[in-house]
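Handing you this structure, nothing more for now.
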Amino acid sequence: MNPQLNKLTLPIYMDYQATTPIDPRVMEAMLPYFTTKFGNPHSRSHSFGWEAENAVEEARSMVAKLIGADTKEIIFTSGATESNNLAIKGIAKFYSNKKNHIITVVSEHKCVLDACRHLEQEGIKITYLPIKPNGIIDLETLKNAITDQTMLVSVMVVNNEIGVVQPLKEIGKICREKGVFFHSDIAQGFGKIPIDVNEFNIDLASISGHKIYGPKGIGALYVRKKPRVRVTPLINGGGQERGMRSGTLPTPLIVGLGMAAEIAYSEMEKDTKHVNYLFDRFLNNIHKRISEVYLNGDKNQRYKGNVNLSFAGVEGESIILAIKDLAVSSGSACTSASLEPSYVLRSMGIGEELAHTAIRFGIGRFTTEQEVDYAVNLICSKIDKLRELSPLWEMMQEGIDLKKIKWAVH
């Protein structure tokens, strides 16, 4: 028995894009607001309310600092899905009497695409920009898609499935020159890569707590004040959050998001070094041991905590079953229950066979070198076994083009 394995806790968590474990420091900061500091932050007549309000405002400033925003520009929501809906539908509803066109990208998160499809039914025209084979948009195509009717461009910073980083600074520059609002779903990049809303000319940005070692059920929407961006609220009520998002604020969750943002701000460089080192170790060791493994998405223009790999000649589902000691996913967590190949990979022009073999491995703050080495050994031995059993792999080795095969119907 390898004594090293005694120290490993199985299964190993490698699904950091789906969610992250809460940082113990975040948990510690939240606990008092569940017990003794339980006041409603909107109660202005006593110290319980003032205490909660102070905690909320401190957290708001921590979130703002991480993206170079003003504290007043941060609106708390239940998460990035709500933030994306509020940004896209809120802009569309407020400005629809002036303009009727929105531009987004085929590889956006499902909630952005669904919000856009919903608006299409209401008569808003949507352009879905294609992506290049490396997963990144073409800036000229974006420029040409903008018309005098365009009110919003929505492009995420880090793709949740393949980890590529879109050129936000250039996109923001184009939008500002053309007088179009720029929204970005920054859930996968917030606290992981440097994002400055002013440098990138971002007008709206969606944030999620549980992607940065904070609690689930809390997020934020950055809404620019100068030049002012107006959104019609989705939720009406007491007029909290500058009238954009009514409802009593969940103080413990907000404190957790604030603390997670504060830690990310002070430890981003350390986290990045750690993740980049493990990415290189993981990828290089897999490539050394097995052939025909493809990294999906641009190798350099990416967040390296996301490693999406296609293993030719085997099915993604059979890989997941074979490596059940690793918590990984095929596609995004929201759609990984369906057996359809990933729409993101298909939109990059990756064939159905290869798209079906894709697995997303996530590396994060708490991933260890030992876990990565264990994962590499497990993956390589299981892929070898699965390929031995795979008639498709055998045919590929004989040089048969699988695309040209006509399968008989039984």
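The backbone N, Cα and C atoms fix where each Cβ goes, glycine too.
As annotated in Swiss-Prot:
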- A80, T81, N160, Q188, S208, G209, H210, T248: pyridoxal 5'-phosphate binding site (BINDING)
- K211: N6-(pyridoxal phosphate)lysine (MOD_RES)
- C334: [2Fe-2S] cluster binding site (BINDING)
- C334: active site, cysteine persulfide intermediate (ACT_SITE)
Any idea what the Cα distance is from Q188 (pyridoxal 5'-phosphate binding site) over to the residue listed as 'N6-(pyridoxal phosphate)lysine', rounded to a whole Å?
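Approximately 7 Å lies between the Cα of Q188 (pyridoxal 5'-phosphate binding site) and that of the residue listed as 'N6-(pyridoxal phosphate)lysine'.
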To see if you understand the setup: which same-chain residues, six or more apart in sequence, place their Cβ under 8 Å from that of the residue listed as 'N6-(pyridoxal phosphate)lysine'?
Q17, T19, T20, A80, A187, Q188, F190, G191
List the residues of the same chain that sit at least 6 positions away from H210 (pyridoxal 5'-phosphate binding site) in sequence and have their Cβ under 8 Å from its Cβ, in sequence order, or write 'none'.
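Looking at Cβ-Cβ distances below 8 Å from H210 (pyridoxal 5'-phosphate binding site), excluding near sequence neighbours, one finds T19, T20, G79, K216, G217, I218.
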Taking only the residues the record lists as binding pyridoxal 5'-phosphate, namely A80, T81, N160, Q188, S208, G209, H210, T248, what is the largest Cα to Cα distance between any two of them, in Å to the nearest whole number?
30
Need the DSSP three-state call for N160 (pyridoxal 5'-phosphate binding site) to compare against my parser.
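In the DSSP reduction, N160 (pyridoxal 5'-phosphate binding site) maps to coil.
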Could you tally the C-beta atoms, other than its own, that fall within 10 angstroms of the C-beta of S208 (pyridoxal 5'-phosphate binding site)?
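Result for S208 (pyridoxal 5'-phosphate binding site): 28 neighbouring Cβ atoms inside 10 Å.
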State the count of C-beta atoms found within 10 angstroms of the C-beta of Q188 (pyridoxal 5'-phosphate binding site), not counting that atom itself.
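Here the count is 26.
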Provide the number of Cβ atoms within 10 Å of the Cβ of N160 (pyridoxal 5'-phosphate binding site), excluding the reference atom itself.
24
So how many other Cβ atoms are close to T248 (pyridoxal 5'-phosphate binding site), meaning within 10 Å of its Cβ?
13
For G209 (pyridoxal 5'-phosphate binding site), what residues in its own chain, 6 or more apart in sequence, show a Cβ-Cβ distance under 8 Å?
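Same-chain residues close to G209 (pyridoxal 5'-phosphate binding site) (Cβ under 8 Å, separated by 6 or more) are G79, P215, K216, G217, I218, G219, L253, G256, L257, A260.
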Excluding near sequence neighbours, so keeping only residues 6 or more apart in the same chain, what lies with its CB under 8 A of T81 (pyridoxal 5'-phosphate binding site)?
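Listed in sequence order: C111, G219.
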Taking 10 A as the limit, how many CB atoms besides its own sit near the CB of A80 (pyridoxal 5'-phosphate binding site)?
28
Taking DSSP three-state, what's T81 (pyridoxal 5'-phosphate binding site) in: helix, strand or coil?
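Once the DSSP labels are grouped into three classes, T81 (pyridoxal 5'-phosphate binding site) ends up as helix.
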